[in-house]
Amino acid sequence: MKPRLPVVAPPPAPIPEAAPRAGHRCPMAMEGSRAFLGLLVSALLVGFLAAVLTVVWALRYRDGLGWDGGSAEFNWHPVLIVGGFVFLQGIAIIVYRLPWTWKCSKLLMKLIHAGLNTIAMILAVISLVAVFDFHNAKNIPNMYSLHSWIGLTAVILYVSQLLVGLFVFLLPFAPPSLRALLMPFHIYSGLLIFGTVIATALMGLTEKLIFSLKNTYSTSPPEGIFANVLGILILVFGALIFWIVTRPQWQRPKEPSLKLLHPNGSTPEGAECSMVTDCSNTDKTDVEFNSEVAARKRNLNLDEAGQRSTM
Ligand code: HEM
Ligand code: HEM
């Protein structure tokens with residue numbers, strides 16, 4: 001009888017994406033990154049233009065900006081809402097998607113995400129103080145309109161989202177299981193609030209035009225057209241942010257080493273708390289770029305539960 005030879009496991013199959021020729025980038029990744037860059041630049045331009053046009057509207061067509069209980073004080077309301085609550089919130093939502101930040105520690109990105117959202121919240125609250133102050137000074141009733149009901153609800157939900165985000169995802173108390181459980185709700189409610197903010201801004205814009213221009217609005221005066229264009233820019237900004245943030249291929253990759261150690265998708269306690277930031281690095285090499293694509297593909301398989309490394 002022949003002695004049985006030990007069974008030797010075959011060598012692992014090479015991962016094609018991870019072994020590119022030097023100087024040759026994966027064409028699909030290149031396509032994706034070009035589209036991403038185009039959308040990002042468009043979103044930044046459109047959002048910034050909307051914020052600038054709101055200031056121009058206040059200065060050129062309304063009574064400017066001031067804090068005197070008059071209409072100049074009211075004007076801080078749209079200015080801070082569009083520049084802060086709409087534009088900054090939109091940027092905060094997509095910071096995780098910027099590919100050149102994927103080398104930065106998750107903690108740093110969380111601080112940027114939370115920091116931008118906090119600034120947006122502060123500006124939104126100041127804008128509410130301006131409009132309430134204006135109403136009280138002019139003896140205009142408070143909270144009668146649909147705009148004000150939905151707007152105040154959005155701000156309250158936003159503050160709650162921020163607090164839950166801070167306690168669950170930033171401070172090191174919540175266990176990974178709780179983070180995993182809450183992440184889909186965090187993303188859903190974040191997008192819902194952002195959409196509601198855009199809708200509320202459009203409602204407020206229309207209200208203001210009808211109040212100020214009265215019957216002349218229907219004759220398409222320059223201010224009416226100007227503010228209509230502003231509304232379209234706000235909507236387009238929202239649409240671009242939505243597109244960027246809902247593309248699975250532009251999602252921040254999981255940390256491969258952590259994910260391979262924890263194929264169930266859980267992040268080890270404290271693993272993301274090292275403030276290792278290497279954001280000043282030069283461009284990724286082709287090999288790094290392609291192994292990132294390969295790591296992402298592996299992780300997509302491991303990540304069936306839809307959990308994110310970042311929780
Ligand atoms: C998401 C963004 C916005 C939120 C959360 C918001 C919130 C509010 C709230 C709570 C009030 C009620 C104030 C009171 O009753 O004393 C109000 C009033 C008002 N807002 Fe806004 N607003 C937003 C955007 C805008 C924008 C972009 C404009 C454009 C000019 C605008 C125009 C007005 C006007 C004309 C009023 C007075 C009439 C009313 O109470 O409906 N709002 N807003
Ligand atoms: C009102 C404030 C906030 C809003 C509107 C908001 C909204 C969002 C949205 C829409 C996403 C999805 C982003 C994506 O898929 O790329 C997200 C992801 C996330 N947010 Fe927030 N967020 C807020 C506050 C916070 C705070 C305070 C933290 C604490 C650090 C936090 C931590 C996270 C984390 C860890 C992710 C997952 C990122 C990933 O890996 O893809 N958020 N947030």
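Placed from the backbone N, Cα and C atoms, the Cβ positions cover glycine too.
All annotation found in TrEMBL is predicted automatically rather than curated by experts.
These numbers come from a predicted model, not from an experiment.
As given in TrEMBL:
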- 35-59: transmembrane segment (TRANSMEM)
- 42-246: domain 'Cytochrome b561' (DOMAIN)
- 79-99: transmembrane segment (TRANSMEM)
- 111-132: transmembrane segment (TRANSMEM)
- 152-173: transmembrane segment (TRANSMEM)
- 185-205: transmembrane segment (TRANSMEM)
- 225-245: transmembrane segment (TRANSMEM)
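For the transmembrane segment (79-99), same-chain residues at least 6 beyond its ends with a Cβ under 8 Å from one of its own Cβ atoms are 33, 36, 40, 43-44, 47-48, 50-51, 54-55, 58, 65, 109, 112-113, 116-117, 119-124, 126-127, 130, 158, 190-191, 194, 197-198, 201, 204, 230, 234, 237-238, 241, 244-245, 250-252, 310. Between the transmembrane segment (35-59) and the stretches 111-132, 152-173, 225-245, the greatest number of Cβ pairs separated by less than 8 Å involves 225-245.
Taking the domain 'Cytochrome b561' (42-246) as a whole, pLDDT averages 98 in the prediction. Only residues 6 or more beyond the boundaries of the transmembrane segment (185-205), in the same chain, are considered here, and those with a CB under 8 A from a CB of the stretch are 77-78, 81-82, 85-86, 89-90, 93, 146-147, 150-151, 153-154, 157-158, 161, 164-165, 168-169, 227, 230-231, 234-235, 237-238, 241-242, 245.
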